[in-house]
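J.: Below, the features straight out of TrEMBL:
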- Glu520: active site, proton donor (ACT_SITE)
- Trp381, Asp382, Lys641, Gln642: substrate binding site (BINDING)
- 32-290: domain 'Glycoside hydrolase family 65 N-terminal' (DOMAIN)
- 345-740: domain 'Glycoside hydrolase family 65 central catalytic' (DOMAIN)
- 751-812: domain 'Glycoside hydrolase family 65 C-terminal' (DOMAIN)
Amino acid sequence: MALPPALGERLCSVPHPDHAPGDADTWVLAFDDYVPSDEGTREALCALANGYWGTRGAAEECWADGVHYPGTYFAGVYDVVTSTVGDVRVPDEEMVNAPNWLPVQFRLDGGDWFRLDALDDSELLAFRQELDVRHGILRRSLTFRDDTGRVTAVRSDRFLSQADPHVAAMRVSIVPVDWSGPVTVRSGIDGRVSNSNVPDHQPRTHRHLRPVELRELAPDAVLLEAETERSAIRIAVAARTRVAVGDSVVSSRREFLSHEDGAVAHEFTVEAAAGVPIEVEKVVSVGTSRDRAVLSAADDATDRLAAAPTFAELLREHELAWERLWAEFAVELHPSGDHALALHFNAFHVLQTLNAVDADLDAGIPARGLHGEAYDGHVFWDEVFVYPFITLRRPRLTPALLAYRHRRLGAATAAAARAGHAGAMFPWQSGIAGDDVTPRRLFNPLTEDWMPDHSHLQRHVGLGVAYSAWQYYESTGDLQFLLHDGADLIVAVARFFASLAVYDPERDRYSIDHVMGPDEFHDGYPERPGEGVKDNVYTNVMTAWVLRRAIATVDVLQRHPGRLAWRRLEIAPGEPEAWARIAARLTVVFNDDGSLSQFDGYQELEPIDLDAYRRRYGWIGRLDLILNAEHDSSNRYQVSKQPDALMLLYLLSAEELRELLGEMGYELPPEAIVRTVERYSTTSTYGSTLSNVVHSWLEARRDRERSWEFLQRTLSSDLSDIQGGTTRQGVHIAAMAGSVDMVTRCYAGIEMREDRLWFHPGMPAEIEAIKFHLVYRDQALSVRLSQHELRIDSAEGDAAPIRVVVDGDEVEIRAGDERRFAL
Ligand code: BGC
């Protein structure tokens, strides 16, 4: 197996001057060169967000021009545009690229506006860009000599506040090193933006925003309000810019600029003196018409800006908020080094995407974060990989995020009814309203043509929702959640899958047909592409699992008969019994070697020589596209893009899977598990970043070296852009969360089931110790794991005792206890 480019090959990490060396180099991602062709990727890697909104790490003086792409996105803000592709009218729902708040440009003595790209190598004297993930700050410093020989140094710092998610701030310092003269600074908001981050989407119409209001709020403040075309969401951005020379704020020559097509700015001209910095401080506030407890987006942004303190004060609050977040989420690794940096970096981006002080934003977990426009910002099943990261640390975020699904139960129920089924059919790709927004065509860059996309047949997405809801209940014991949103989700999903199951009296077995499993290389049988497959093992086994949890949920509801939940769900007499029957008699197909078959007929497909394709094409992750270009189809072969059967061993422990299959009337001896892992490891192209998470997990107790290699790939999914160019359109949130989860939950062997917290540690030799925090049933635990010992410290408090099982030995842990277990 070829290793990915070394972690951080194209980047370097350095101590921040404010921190002790050794510590800081695991928290700062730094670049000391400017490479235009890498810029798009760096913008995604250096994006800043706070759960409410996010902005790519684009330079403040640039605009979308092929090198730079200053995108800004608000969680849950989507719009639909209909474009004509060929002769077909195609509606597309996209996470809207919002007005750009970054612009701070400057020019010296009436010359050209400064542009980094206009400099040649000899003119750029120094460059450095740093993403400080401990404090959530993006910095850039550069020194240049212009064509008249003047040397100027520029430094900028920016952040999107974690303390007040509606606020961002930037400070740009321009130092005339060896000259004096007038400098003009332009600071504004640009609403003339479109969605054009993804070249494959070119044939679409991308403009979503219509300017509504452009206003000068004060001599130093401007407001821009825009509205999205179809969803009619108002987005308001207000900006205040103060310019100081040295220590004094100047009321300089000033001009208000407004462009009807959607841009506002202030221009300031000041007299600069050699060695005296010109400090530009820009504070920005934002709001949308989706916000609650506000009169209007524009009013809120205006009031918030008026009340906003200085950059320095905002920064203090922001840093404190990050400190609090890291106290819960940081994972310490010994020895540290590049892996520790990658872990911090990945956790940082997940937290940035999901955490917001007001978490209940009615936004799901977008697969590519608030970092770019890949997959149009849609929500997939990726949450399955993300919830453990959140639930085990800040459990209250999970029901708020699951509420995104709960609010869309109506749409999912209507979709199921339209398809002739009961319950709720959650869509493979979800956006604002919860209807299915999966595109029906996929662009193949190899043929430069569109091919049919049937991935909407991945009905399993609902199973992930129900699984996550139950896991949250297991880990928190939150009865209120289970009685309400939890029961609604679990029961609706169970009903849908129960109604998909068709009984075959001859075999006395149920089957589910016409679905796709997580492996996207099989959308049907070779002779019937696009019609789905029968008895996909992931779908069927997880259906059995969810049906059992639905029965357990009904059992809990019955024990609380006074609660409305019971009546609301209208559980029909005999319904749980019917679920039990289906769960016990769903079909699981096995291959001749005893391994689990991905679906009925999988082993009859042709084998394929993957090495031959590797030799011809290099990276074959997207073999489906390669085969399509060769007028062939992945449906014909025993090859998978990503784990499907193997997902079962990721979501369930081997014991739980064996038990579940036993209840379904099948045996899964240990050698069958080994054969299953081997079979699908050798026939996978690892075409999704999720693959590495799952394979690392599966190999952790089998082949630690291999597991470690997969973990390194997972850690560097985006840092090394292992898919060769996808990071520039957004980071891979599930792989990022999965990498942290791997190091904590997998190495500590954590499971939550049967009202107990289980540990079964197994660390790779490369790691000496891991330290992290988790919350289980209200107890805040600090976990230290070394090769020889597991130590659990529970914080003092009133939390009830918990049951913990370490390698089979059960103990009770009370708040304030310190326990050590020899391994
Ligand atoms: C994967 C899916 C995943 C999606 C979004 C695809 O490439 O095959 O499993 O949900 O990316 O991350």
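Cβ coordinates are placed from backbone N, Cα and C, and glycine is handled just like the others.
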J.: Using the alpha carbons only, what distance in Å do you get between Trp381 (substrate binding site) and Glu520 (active site, proton donor) once rounded?
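T.: On Cα coordinates alone, these residues lie 13 Å apart.
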J.: Measure from the CA atom of Gln642 (substrate binding site) to the CA atom of Glu520 (active site, proton donor) and give the result in Å, rounded to a whole number.
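T.: Gln642 (substrate binding site) has its Cα 8 Å from the Cα of Glu520 (active site, proton donor).
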J.: Give the residue from the recorded positions Asp382, Glu520 that has the most other Cβ atoms within 10 Å of its Cβ, counting over every protein chain displayed.
T.: Asp382
J.: Tell me the Cβ contacts of Lys641 (substrate binding site) under 8 Å, same chain only and six or more apart in sequence, or just say none.
T.: Asp519, Glu520, Phe521, Gly621, Arg622, Leu623, Asp624, Ser634, Ser684, Thr685, Gly687, Ser688, Ser691
J.: Which ones in the same chain are close to Gln642 (substrate binding site), with CB under 8 Å and 6+ residues apart in sequence?
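T.: Within the chain, Gln642 (substrate binding site) has Cβ neighbours under 8 Å at Pro518, Asp519, Glu520, Ser684, Tyr686, Gly687, Ser688, Leu690, Ser691, Val694.
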J.: Compare all C-alpha positions of Trp381, Asp382, Lys641, Gln642, the record's substrate binders, and send over the largest distance in angstrom.
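T.: It comes out at 16 Å between the most distant Cα atoms.
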J.: In three-state terms from DSSP, label Asp382 (substrate binding site) for me.
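T.: In the DSSP reduction, Asp382 (substrate binding site) maps to coil.
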J.: Give the number of CB atoms, excluding that of Trp381 (substrate binding site) itself, located within 10 Å of its CB.
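T.: Excluding its own Cβ, the number within 10 Å is 25.
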J.: Can you count helix, strand and coil residues in the domain 'Glycoside hydrolase family 65 C-terminal' (751-812) using DSSP?
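T.: Its residues divide into 0 helix, 38 strand, 24 coil.
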J.: Please list, in sequence order, every residue of the chain apart from Trp381, Asp382, Lys641, Gln642 whose Cβ lies within 8 Å of the Cβ centroid of the substrate site.
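T.: Going along the sequence, the neighbours appear as Phe380, Pro518, Glu520, Ser688, Leu690, Ala734.
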J.: Please give the average pLDDT for the domain 'Glycoside hydrolase family 65 C-terminal' (751-812) in this predicted model.
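T.: Its mean pLDDT is 95.
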